[in-house]
C-alpha cells in the first residue's frame with residue numbers, strides 16, 4: 001500500500017476527521033489480523049452476520065491507530081474517520097489508489113477455475129516482474145478492494161479475481177479495478193438462486209467487460225462461447241480467444257494433450273511459436289485453465305517469451321480443495337475436490353478420476369445454489385456421470401441422492417449420514433488393491449470432513 005495520512009484519506013472519502021493526524025501504512029477489516037500490521041487503520045464494516053463496530057475496541061487494543069466508522073465513538077481517544085457507509089468508503093479509497101497507477105491489470109471471472117487461472121497467470125507474469133494478485137479466493141467486492149489497497153510503485157502487473165452470485169457485483173468490481181484485460185473463463189450452471197439460468201450467468205459474467213477501456217482486451221473461451229450474447233458489450237474492444245482444440249478463431253490453442261499420474265502435458269500453439277507445456281495439475285479442464293492464463297498474461301505483456309510461460313506454469317502449486325492429491329498409502333489416493341461444485345466441474349472431476357489407475361470411487365455431495373430446478377439438474381448430473389467409467393459412485397446429502405438414483409445401477413449407493421459413508425470407505429480401503437477416491441461437493445456440504453476423517457485414520461497430515 002502507498003503511504004497515506006488520515007488528512008488525505010478524509011479528503012478522498014469526504015469524511016469527518018476527529019483526533020490527531022497519523023500516517024497509515026496498512027488497512028484492515030478483520031480485527032484478528034491487526035496485531036500483525038503496522039500503523040493500521042481499522043475499517044468497521046457492517047454485514048448480514050456481523051457488525052465491525054462491535055470490534056472497534058478490540059481492534060484498538062490490538063494496535064489499530066485509527067478507525068473508519070459510520071458513527072462517532074465519543075469515549076475513545078483514538079483518531080476517527082466518520083462516513084455514512086464504511087463499505088462504500090473502502091471501495092472509494094481502493095478505486096482512488098488504483099487510479100494512482102497505470103500498471104496493466106487483468107480481471108478474471110467465470111463459473112469455475114477462477115482461482116487456478118489467477119494463480120497460473122500470476123506465476124507466468126512473475127517471470128518478468130512483480131505482480132499484485134488476489135490472495136486465495138478473496139474475490140468479492142470487499143476482497144477486490146482490499147487487494148487494490150495493496151498496490152504500490154513496485155508492482156508491474158495486477159491479476160484480480162472477481163466472483164459473484166448476484167447481478168451487479170461484477171460490474172462494481174470491474175469499475176473499481178479498471179483492468180486492461182478481462183477474462184471470462186467459462187460459463188456453467190452455478191449460483192442459479194441469483195442468476196436463474198445459463199443466459200443469466202453469461203449476462204452477469206459479461207459485466208466484467210464494462211471496466212475495460214476502448215481497445216482493451218476481452219478474453220474468451222472459444223470452447224464455451226457466448227459471444228452473440230456479449231457482442232454489444234465488446235464494441236471497440238480487442239478480442240482474444242483460446243481453445244483446447246485447433247480453431248481458426250483461436251489466438252492460442254493446444255494439441256497432443258497427455259495425462260500423467262501427477263500432471264498434464266500438451267503442445268502450446270501461439271503466434272509466438274509452439275512449445276511443450278507441463279502443468280502439475282490433473283485434467284483437460286486445467287489445460288483450458290492454462291490456455292486462459294497464457295492468453296491473459298500475453299494480453300498485459302506482449303513481450304513475454306515461451307520459456308517464461310513454460311517456467312511459470314511449471315512452478316504452479318496444487319491448490320487444496322481443487323483436485324488436490326492426498327496419498328493415504330502406496331495403494332490409496334484421495335483427490336480432494338471439496339472446495340465447491342457445479343455440474344461442469346463435477347463432470348470434469350469425474351473425467352479426471354476415470355483416467356486414474358486402479359479401482360475408482362467418486363463421493364458426491366449436494367450441488368447448492370441451483371435454483372428451482374435443483375432436483376432436475378442433479379438428475380442430469382447423474383446421467384452424465386453414468387457415461388463415465390467409474391467403479392462406484394457414492395452420494396451424501398438431500399439433493400445428491402438424485403444423482404445416484406439417476407445412475408441407477410449396482411455401482412451407485414446413497415448414504416443418509418457421513419458417519420456411515422466414512423465407515424463404508426474405510427472398509428473399501430481395507431482391501432489391498434490400488435484405489436483412487438474423488439471427494440466432490442459444494443462448499444457448505446462440508447465434504448472436507450470426510451477427507452479429514454480418512455486422513456486421521458491413516459495418520460496423514462491435514463491439507464488445510
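Cβ coordinates come from backbone N, Cα and C, glycine included.
Curation does not apply to TrEMBL; its annotations are automatic.
The domain 'Mur ligase central' annotation in TrEMBL covers 108-296. In the predicted model, the domain 'Mur ligase central' (108-296) has a mean pLDDT of 93.
Every protein chain considered, the tally of other Cβ atoms within 10 Å of the Cβ of residue 115 (ATP binding site) stands at 22. Under the DSSP three-state reduction, residue 115 (ATP binding site) is assigned to helix. Marked as ATP binding site by TrEMBL: 110, 111, 112, 113, 114, 115, 116.
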Checklist entry - Reduced to three states, what secondary structure does DSSP give residue 110 (ATP binding site)? => result coil
Checklist entry - For the recorded ATP site formed by 110, 111, 112, 113, 114, 115, 116, which further same-chain residues have Cβ atoms within 8 Å of the site's Cβ center? => result 108, 117, 185, 186, 289
